[in-house]
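Annotation source TrEMBL lists active site, nucleophile at CYS58. Taken from TrEMBL, the feature substrate binding site applies to THR57, CYS58, ASN59, ARG60, SER117, GLU122, GLY123, GLN124, GLN128. According to TrEMBL, the NADP(+) binding site annotation covers GLY199, ALA200, GLY201, LYS202, MET203, GLY204. Marked as domain 'Glutamyl-tRNA reductase N-terminal' by TrEMBL: 14-164. Residues or ranges marked as domain 'Quinate/shikimate 5-dehydrogenase/glutamyl-tRNA reductase' in TrEMBL: 184-321. Under the heading domain 'Tetrapyrrole biosynthesis glutamyl-tRNA reductase dimerisation', TrEMBL lists 335-439.
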Amino acid sequence: MPGYTKERSSIVVIGLSVHTAPVEMREKLAIPEAEMPRAIGELCGLNHIEEAAVLSTCNRMEIYVVALSQHRGVKEVTEWMSKTSGIPVSEICEHRFLLYNKDATQHLFEVSAGLDSLVLGEGQILAQVRQVVKAGEGVLGFGRNISGLFKHAITVGKRVRTETNIAAGAVSVSSAAVELAFMKLPESSHTTARMLVVGAGKMGKLVIKHLVAKGCTKMVVVNRSEEKVAAIREEMKGVEIIYRPFTDMLACSAEADVIFTSTASETPLFLKEHVKDLPPVSSEVGGLRLFIDISVPRNVGSCVTDVEGARVYNVDDLKEVVAANKEDRLRKAMEAQAIITEELKQFEAWRDSLETVPTIKKLRAYADRIRLAELEKCLSKMGEDIPKKTRKAVDDLSRGIVNKLLHGPMQHLRCDGNDGRTLNEALENMNALNRMFGLESDLSL
């Protein structure tokens, strides 16, 4: 067909994420790892889909495809999603997001870098992107473009994490509480300050974990029962965790420099009268006993602020830690975007460079057909009983001539995809060779 140019296939992502769709919907669409090859096979069985991959996590269900036609491809994939999940097409359309080519690539790079997560920079998603590559290995439809895309996304995720340190900094209330304590303590007392944790529930346990991460090797934990504390002790090998019952709370407080409270008590555990008679703490830890209260309702009465030698911080005071981190994180997110922009250029160039591959193959095939036809003619002229050696010499001669002639044109078709200039030249050369040798028309085939 003269004038007919094949539409270049597009990379498309059709997805439902925590930002666009409710969890009930994402659950129905979730695809377990074992089902991945089947899903890829079914998707590639659709008329306009050449390659596919599925990224299915608790926060997202995204289908990446190479589609021969954007419009038809999206329609087919959406119908497939409806069929596998039982969710009507109209409902999927209402909550899905669609991105094409460069935007789709950028999206996966951002996801892999942890920029699209609820907690900025969380590390789990990178492992999940790796899992997709592992699950796709050897699956026919996990083709060149899509596997290249996912492998590149892993590189981006790794680069962002090593170069921006995006995953560091406080994210939970508990880690912020520990950060705050260390902000208020003199640096020299970071490993020696006496720590007391009141309450060993979920929050208390996290406080203990963050204290250990900061280098604390000994702490006292006050809790109703010893059971939870024993379990934490089991988990935190090499750390001295001393259990004391609630009746000993004030006695323990007398021997503590920093007191974290995280219990579900409806009434305050510490009031002014409890705290005013506690012995003063040493000047090495700053001469102030720190009460860091992460409970709502509060465990430390506001009256304690009047006590000399005591300082009280509650959940609202943690905002300074979170805010300090937020600016830091926004800066890191901007650094991450710069890395993504750079990697995006490289990936686009790599994809463009794939365009010359079919021409290289066609040119080789074309030359080889001519060579074989001429070789047959030559050998038949030479009669029946040609020695094997002569036969081989003539065959080698024909190969040598073809290879030497093709060497130049082939060099001008190849490019590594990193340099835009050579890429444009390669694509121009590709078009020229296609015209010269009639490689576009099927006649040459």
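Using the three backbone atoms N, Cα and C, a Cβ is placed for every residue, glycine included.
Annotated features, which come from TrEMBL, shown on the structure.
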residue	record	contacts (Cβ under 8 Å, 6+ apart)
THR57	substrate binding site	GLN124, ILE125, GLN128
CYS58	active site, nucleophile	ARG26
SER117	substrate binding site	ASN59, VAL111, ILE125
GLY123	substrate binding site	GLY114, ARG161, ALA167
GLY201	NADP(+) binding site	LYS228, SER262, THR263, ALA264
LYS202	NADP(+) binding site	none
MET203	NADP(+) binding site	VAL173, SER174, SER262, ILE294, SER295
GLY204	NADP(+) binding site	VAL197, VAL198, VAL221, ASN223, PHE260, SER262, THR263
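Residues belonging to the domain 'Tetrapyrrole biosynthesis glutamyl-tRNA reductase dimerisation' (335-439) score a mean pLDDT of 86 in the model. Farthest C-alpha pair in the substrate-binding residues THR57, CYS58, ASN59, ARG60, SER117, GLU122, GLY123, GLN124, GLN128: 15 Å apart. Spatially close to ALA200 (NADP(+) binding site) yet at least six residues away along the chain are ILE208, VAL221, ASN223, LYS228, VAL229, ILE232, judged by Cβ distances under 8 angstroms. Apart from GLY199, ALA200, GLY201, LYS202, MET203, GLY204, the NADP(+) site neighbourhood in this chain, defined by C-beta within 8 angstroms of the site C-beta centre, holds VAL197, LYS205, LEU206, VAL207, ASN223, LYS228, SER262, THR263. In sequence order, VAL222, ASN223, THR261, SER262, THR263, ALA264, SER295, ASN299 make up the list of same-chain residues 6 or more apart from GLY199 (NADP(+) binding site) whose Cβ falls under 8 Å from its Cβ.
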